[in-house]
Amino acid sequence: MSSEEDKITRISIEPEKQTLLDHHTEKHFTAGEIVRDIIIGVSDGLTVPFALAAGLSGANASSSIVLTAGIAEVAAGAISMGLGGYLAAKSEEDHYAREMKREQEEIVAVPETEAAEVAEILAQYGIEPHEYSPVVNALRKNPQAWLDFMMRFELGLEKPDPKRALQSAFTIAIAYVLGGFIPLLPYMLIPHAMDAVVASVVITLFALFIFGYAKGHFTGSKPLRSAFETAFIGAIASAAAFCLAKVVQH
């Protein structure tokens, strides 16, 4: 909650109730966007270099070639994914600013219509006309609060964090790099690619399983199901790349 919103809340809430709020702490998970970026980065970082390494191993490439190509892919993938996260966040910012300007103009141009929309929104929550009329009138006296209300409850938009774009870019890129080096580790230690690919499969599938379990835990889905699904997708991708390389080679 921003300082401005906190000020509004403290002014409008009775002292006794404000005291209760000040001494009450709710344990909610509030890092959803960061977790989403980590999931995107790690899942792609584990899967894409894993499939590439398996495909090159299937084509009988040496460990040094697989490692070189893998590192190049991790670097390019991290930049690409990070840039994608940055552009997506900037698009959200632009969309919010555009909709806020439009809503602000409507509040000035057609205030009666906008007030009717406030009443309609409140009525959807089972609030009677005699109960929501004071709320509508109070919002009309405070244009900024009125605008915030319409943005949240009519359009369902939350104001983006201005730091979100860079945060998303770096989080996704770093997560991609961390995930991408796991399937490449065996190629750093084992000179024969066909031996390295076996170790890579074991290590990466285990990492995918652990990652899938953690993803399920944080997203609220069934952890074991998420773990098996994530590992299965990685196995399919690497097997397809390996088999395709063998087919092309022959």
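Placement of Cβ uses the backbone N, Cα and C atoms for every residue, glycine included.
Of the candidate ranges 65-85, 107-127, Swiss-Prot annotates residues 65-85 with the feature transmembrane segment. Of the residues E92, E131, E154, Swiss-Prot puts just one in the Fe cation 1 site with E103, E106, E114, E117: E154. Going by Swiss-Prot topology annotations, I34 is found on the same membrane side as P143.
Applying DSSP to the topological domain 'Vacuolar' (59-64) sorts its residues as follows: 2 helix, 0 strand, 4 coil. Long-range contacts of the topological domain 'Vacuolar' (59-64) within its own chain (CB-CB distance under 8 A, at least 6 residues past either end) are made by residues 187, 190-194, 196, 245-246, 248-249.
Sequence-remote contacts of a segment are chain residues at least 6 beyond its ends whose Cβ falls under 8 Å from one of its Cβ atoms, and for the transmembrane segment (228-248) they are 43, 46-48, 50-59, 197, 201, 204-205, 208-209, 211-212, 215. Most Cβ pairs within less than 8 Å of the transmembrane segment (65-85), among stretches 38-58, 170-190, 193-213, belong to 170-190. Across the topological domain 'Cytoplasmic' (214-227), DSSP assigns 11 helix, 0 strand, 3 coil. Other than the site residues E103, E114, E117, M150, same-chain residues with C-beta atoms no more than 8 angstroms from the centre of those residues' C-beta atoms, the Fe cation 2 site, are E106, I107, V118, W146, L147, F149, E154.
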